[in-house]
Amino acid sequence: MDITTTEIYHDDHHTPHGWKRWLFSTNHKDIGIMYIIFAVFAGIVGGLFSLLFRLELAMPGGTFLNHDFQLYNVLITAHAVIMVFFMIMPALFGGFGNYFVPLLIGAPDMAFPRLNNISFWLLVTAFILLMGSAFVDGGPGTGWTLYPPLSNLSGHPGAAVDMAIFSLHLTGLSSILGSINLIVTIFNMRAPGMGLFKMPLFVWSILVTAFLIILAMPVLGGAITMLLTDRNFGTNFFKPDGGGDPVLFQHLFWFFGHPEVYIVILPGFGIVSQVISTFSRKPIFGYQGMVGAMVIIGFVGFIVWAHHMFTVGLSYNALIYFTAGTMIIAVPTGIKIFSWIATMWGGSITFPTPMLFSIGFIILFTIGGVTGIILSNSALDRVLHDTYYVVAHFHYTMSLGALFTAFAGFYYWFGKISGKQYPEILGKIHFWITFIGVNLTFFPQHFLGLAGMPRRIPDYPEAFAGWNMVSSIGAGISMAAALYFVFIVFYTLKYGKDCPNNPWGDGADTLEWTLTSPPPFHTFETPPHIEG
């Protein structure tokens, strides 16, 4: 190949066209966009499932689902698994992580582009398997926790739970491969001059999350494989009549399950740090403290799992340890909350939609954190365990908290991804509808839990009817807000104004704002040099 043809070859971006561009893509931006589109689709499906069982719970009597309480449990299971594994993780970790980590560190792409492709398509396959399981033998009505004996052959004799287990295996594999890719990218492909402590906090949050996934996911894989062999190959890991112990499954599941909570929320912490710094026009307060807080949250998150199991008969010493350990997690989390507030303090603050969602996140996450401190007390948890108080707590933290950070990131970066800037008034309307809807849904559930209403039941005494109706109305408003969000996306893509390279002004000082909107197919082929 002579010099002229080489130059021509390098001058062309060789962007593939049509469906092959997406199916075979190894470009981190295309794969990030596919993750985000998939997450929005899965979120709508999971949200519709929750609306169905909120309609069932709107009034006592169990009439909406025609007394099909197995279907109710299948909806609960599918809603939880979809929202955790197919909505929040693909949006925050897969979507924004894939798209923006290489841009934020000045890398040309991810370290392993083909691995990136299979990570995404494994997730789609897992989603199809999970949806299919709902139509097999009555569906998996176990809850997302898959506790035996309900998930054993005695509780679910058909193939539904086996399909759900394979779905979880595939989504776990997808997450692990994506994590390896991101860790290698962050450690090996930073631009010259960008030390670890010059990286934006979003990159740090993805790095910590990736390590959590690699350490936690194999434990889930082991637990559900043992469950699979109990169901199909005559082992007795969790069958008491064969010398097994169902509580062992709970230990294994929650050793994964509690770090999973931080896997869900940590990338959101990173997004909020970027957004608040940008719109306060100040560097983040206590950068190294914020990094340290994330690392400590990740570490302590692994050693408090049994606070999900305070009522299974743990020893007195174990109760003391897990109560104290759980309360300690509030310290690094508090460091982050107060650092965000300190960043805003004295800043030149503006309030576009991403900033509203970030402030909404701080409010919601703080409410959820306070109820978490109450639940961390094993004595109080004896009363509150498996009531709607717990439902309210974890929705305020990992659900609403993570959702609001995802919306903050979406509005913050949508112009950069698409080249079209959303109309600010539409974004603000979306924020207020969502904020009112989710609070109307979940705040009354604190009262229901304190009054003694248990989780995972399709019918209830009339004493609980009032707040359940309020909660169901809130769910309807929240679903309307989600559909309105989809409308905003399509409206912006069709009628939105062209987005400048940096729509946010001086506060946005990370590398992605030096590129065009949308960025070219290949970026940073010559690495930028970071100074200062």
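The first residue you see is number 1, and the count goes up from there.
Backbone N, Cα and C atoms are what each Cβ position is placed from, and that goes for glycine too.
The feature transmembrane segment is assigned by Swiss-Prot to 33-53 (among others), with sequence analysis given as support.
Residues or ranges marked as transmembrane segment by Swiss-Prot: 74-94 (among others). If you look at the transmembrane segment (74-94), the same-chain residues 6 or more away from its ends with a CB under 8 A from one of its CBs are 32, 35-36, 38-40, 42-43, 45-46, 49-50, 52-53, 119-120, 123, 126-127, 130-131, 134, 138-144, 164, 167-168, 171, 175, 178, 206, 209-210, 213, 260, 263-264, 267-268, 271, 398-399, 402-403, 405-406, 409, 456.
The Fe(II)-heme a binding site annotation in Swiss-Prot covers H79, H395. Cβ environment of H79 (Fe(II)-heme a binding site): G46, F49, S50, F53 lie under 8 Å away, each six or more residues apart in the same chain.
Per Swiss-Prot, the feature transmembrane segment maps to 95-115 (among others); the stated evidence is sequence analysis. Away from its own ends, the transmembrane segment (95-115) comes close to residues 26-29, 31-33, 35-36, 39, 177-178, 180-182, 184-186, 188-191, 194, 199-200, 202-203, 206, 209, 267, 271, 409, 413, 417, 510-512, 515, 519, 522-525, 527-528, 530 of its chain (Cβ-Cβ under 8 Å, at least six residues beyond either end).
Marked as transmembrane segment by Swiss-Prot on the basis of sequence analysis: 118-138 (among others). Within the chain carrying the transmembrane segment (118-138), a Cβ under 8 angstroms from the stretch's Cβ atoms is held by residues 31, 34-35, 38, 42, 45, 70, 74, 78, 81-82, 85-86, 90, 94, 156-161, 163-164, 166-171, 173-175, 177-178, 181, all 6 or more beyond its ends.
Annotation comment: Swiss-Prot describes 163-183 (among others) as transmembrane segment.
Long-range Cβ contacts of the transmembrane segment (200-220) within its own chain (Cβ-Cβ under 8 Å, at least 6 residues beyond either end) map to 93, 96-97, 100-101, 104-105, 168, 172, 175-176, 178-180, 182-183, 186, 252-253, 255-257, 259-260, 262-263, 266-271, 273-274, 284, 287, 290-291, 294-295, 297-298, 301-302, 510. Residues or ranges marked as transmembrane segment in Swiss-Prot (evidence: sequence analysis): 200-220 (among others).
Marked as transmembrane segment by Swiss-Prot: 252-272 (among others). Counting same-chain residues at least six beyond the ends of the transmembrane segment (252-272), those with a Cβ under 8 angstroms from any Cβ of the stretch are 84, 88-89, 92-93, 96-97, 145-147, 200-206, 208-209, 212-213, 215-217, 219-220, 222-223, 226, 294, 297-298, 301-302, 304-309, 336, 340, 358, 361-362, 365, 394, 397-398, 401-402, 404-406, 408-409, 412.
According to Swiss-Prot, the feature Cu cation binding site maps to H258, Y262, H307, H308. Counting every protein chain shown, the number of other Cβ atoms lying within 10 Å of the Cβ of H308 (Cu cation binding site) is 23.
Per Swiss-Prot, transmembrane segment is recorded for 284-304 (among others). Residues of the same chain lying 6 or more positions beyond the ends of the transmembrane segment (284-304) and with a Cβ under 8 Å from any Cβ of it are 197, 201, 204-205, 208-209, 211-212, 215-216, 255, 258-259, 261-262, 266, 269-270, 273, 276-277, 322, 325-326, 328-329, 331-333, 335-336, 339-340, 342-343, 345.
What Swiss-Prot records for 355-375 (among others) is transmembrane segment, and it gives sequence analysis as the kind of evidence. Away from its own ends, the transmembrane segment (355-375) comes close to residues 265, 268, 271-272, 275-276, 279, 307, 326-327, 330, 333-334, 337, 340-341, 349, 381, 384, 389-390, 392-397, 400-401, 404-405, 407-408, 411, 427-428, 431, 435, 438-439, 446 of its chain (Cβ-Cβ under 8 Å, at least six residues beyond either end).
Sequence-distant neighbours of H393 (heme a3 binding site) (same chain, six or more apart, CB under 8 Å from its CB) are G368, T371, G372, L375, listed in sequence order. Among the features that Swiss-Prot reports, heme a3 binding site is placed at H393.
According to Swiss-Prot, the feature transmembrane segment maps to 394-414 (among others), an assignment based on sequence analysis. Beyond its flanks by at least six residues, the transmembrane segment (394-414) meets 36, 39, 83-84, 88, 91-92, 96, 99-100, 261, 264-265, 267-269, 271-272, 274-275, 278, 352-355, 357-358, 360-361, 364-365, 367-369, 371-372, 420-422, 427, 430-431, 434, 438, 441-442, 445, 485, 489, 492, 504, 512 of its own chain at Cβ-Cβ distances under 8 Å.
The transmembrane segment annotation in Swiss-Prot covers 431-451 (among others), and the record cites sequence analysis as its basis.
According to Swiss-Prot, the transmembrane segment annotation covers 473-493 (among others), on the basis of sequence analysis. Listed by sequence, the residues of this chain that lie at least six past the ends of the transmembrane segment (473-493) yet keep a Cβ under 8 A from its Cβ atoms are 40, 43-44, 47-48, 50-51, 54, 407, 414, 418, 420-423, 426-427, 429-430, 433-434, 436-442, 444.
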Intrachain neighbours beyond the transmembrane segment (163-183), with Cβ under 8 angstroms and 6 or more residues off its ends:
77, 81, 85-86, 89, 93-94, 97-98, 101, 110-112, 115-116, 118-120, 122-123, 125-127, 129-130, 132-133, 136, 140, 142, 146, 206-207, 209-211, 213-214, 217-218, 220-221, 224-225, 227-228
Roughly how many angstrom lie between the C-alpha atoms of H395 (Fe(II)-heme a binding site) and Y262 (Cu cation binding site)?
13
Do any residues of this chain, six or more beyond the ends of the transmembrane segment (431-451), have a C-beta under 8 angstroms from a C-beta of it, and if so which?
54, 353, 356-357, 360, 364, 371, 384, 387-392, 395-396, 400, 403-404, 407, 463-464, 467-468, 470-471, 473-482, 484-485
What residues, ordered by sequence, lie under 8 A Cβ-to-Cβ from Y262 (Cu cation binding site) and sit at least six positions away in the same chain?
T209, L212, I297, G298, G301
Same-chain residues six or more away whose CB lies under 8 A from the CB of H258 (Cu cation binding site)?
G301, F302, V304, W305, H307, H308
Candidates H307, H395: member of the binding-site residues with the richest Cβ shell (10 Å):
H307
